[in-house]
Amino acid sequence: MELKNLGEFNFIHSIESDTIYDPNTVVQGIGDDCAVYKVTEGYEQLVSTDTMVEGVHFSFQYMMPYDVGYRLMTANLSDIAAMGGIPRQVVLSVAAPGHIDTRILEEIYRGVKEQCQHYHVNLIGGDTVSIDGPMVWTITIIGEIPQGKAVLRSGAQPGDVVGVTNYIGYAATGLGSLSYNLDGYPMTRIGHQRPEPQIELGITLRELGVHSMNDISDGLSSELNEIAKSSRVSIIIDETLIPLHEETYKLAEALQTNPIDYALLGGEDFQLVFTAPKELSKALENLGSITLIGEVIEGEPVVQSVTKAKEIRLLEAKGYNHFHE
Ligand SMILES: Nc1ncnc2c1ncn2[C@@H]1O[C@H](COP(=O)(O)OP(=O)(O)OP(=O)(O)O)[C@@H](O)[C@H]1O
Ligand SMILES: Cc1ncc(C[n+]2csc(CCOP(=O)(O)O)c2C)c(N)n1
Ligand SMILES: [Mg+2]
Ligand SMILES: [Mg+2]
Ligand SMILES: [Mg+2]
């Protein structure tokens with residue numbers, strides 16, 4: 001059935017069941033002017049919002065509707081992970097054209113709810129409007145963090161080591177293989193379609209005492225530059241240490257591109273990049289999913305890298321930019 005035949009209120013009614021995955025914190029969910037939720041004593045509240053636009057952040061050529069919802073939740077959960085926080089509540093706003101088949105919307109919600117269930121997050125409200133254009137999906141997420149413990153972009157200190165979680169350039173490899181219609185990239189395709197936020201690692205890193213952290217939405221060079229600027233420090237990384245998946249090397253070979261660029265410029269990995277006191281190096285490496293790729297030094301707020309050929313180059317804050325020519 002088309003959305004315009006179902007109508008706004010029937011649509012809201014159709015999605016409101018199975019939205020509460022941590023009932024202890026909810027006083028009022030979907031169904032009133034505002035949602036009402038409880039906060040934990042001794043904790044600060046985190047809030048962040050992220051939007052996904054059809055044609056910009058996703059294409060039904062490369063993703064199933066279920067994946068769209070899944071990744072929308074991941075992008076929002078990822079910003080909570082980047083602070084070392086615990087996700088709690090979300091509200092979701094959708095703008096959709098009247099001719100859309102409601103089965104597509106149901107599938108997107110199924111993806112959202114899957115991630116809500118997995119991370120014990122409640123979907124407590126939202127908004128539904130019509131648009132004469134592409135679908136626009138926005139989530140606002142609320143999380144919690146023990147008082148004074150949020151890991152900021154501005155906390156990096158000279159002498160820190162720089163680390164990343166898992167593989168970088170993974171999602172961009174999957175998207176590249178899809179857009180060039182190349183077979184043989186099963187792992188990274190899932191990385192593009194169904195990325196995971198690093199909630200548990202974010203909490204572990206915060207508890208270990210990392211100094212600064214960011215999640216990778218726009219690309220490693222962009223995120224490192226944000227840390228360098230906010231913290232007023234210089235960062236230097238060794239490009240040969242950036243953890244790339246074998247499918248990234250394979251795609252770079254097939255397309256005659258530089259594999260490092262998928263990590264530096266690709267984005268949407270939703271992995272974490274952080275800086276930490278050098279004394280934590282051993283503990284960080286013992287986590288298994290962390291790679292140390294550089295260090296923080298005193299100086300201008302810039303990022304430099306040592307290339308494979310042992311040359312030093314400036315890493316500009318390139319990466320995904322919505323308003324770049
Ligand atoms: N239109 C806006 N109005 C007010 N604040 C904004 C607006 N857009 C971004 N911000 C704020 O700017 C800062 C950086 O936002 P940005 O969206 O770049 O970070 P992010 O969500 O981590 O990255 P990404 O959106 O690429 O995942 C955040 O504090 C965000 O709240
Ligand atoms: C169809 C299609 N084309 C291109 C891309 C790549 N892409 C889009 S937005 C973005 C950065 C993060 O956005 P934001 O800063 O809004 O969080 C990236 C890397 C995609 N995912 N799908
Ligand atoms: Mg954002
Ligand atoms: Mg972020
Ligand atoms: Mg961005």
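Counting begins at 1 with the first residue displayed.
Every residue, even glycine, has its Cβ placed from backbone N, Cα and C.
Substrate is bound by His57, Glu268 in TrEMBL, and the record lists one more residue there from Tyr21, Tyr109, Tyr119, Tyr320, which is Tyr320. Residues Asp33, Asp79 are recorded by TrEMBL as Mg(2+) 4 binders, and the candidate that the same record lists for that site, out of Ser48, Ser93, is Ser48. With respect to Arg153 (ATP binding site), the closest of these binding-site residues in Cα terms is Asp79, chosen from Ser48, Asp79, Asp127. Note on proximity: of the binding-site residues Asp33, Asp79, Asp127, Asp215, Glu268, the one nearest Ser48 (Mg(2+) 4 binding site) is Asp79, by Cα distance. In this structure, Gly126 (ATP binding site) is part of a beta strand by DSSP. The 6 Å Cβ screen around ligand 1 retains Asp79, Ser217 from the binding-site residues Asp33, Asp79, Gly126, Ser217, ordered by sequence position.
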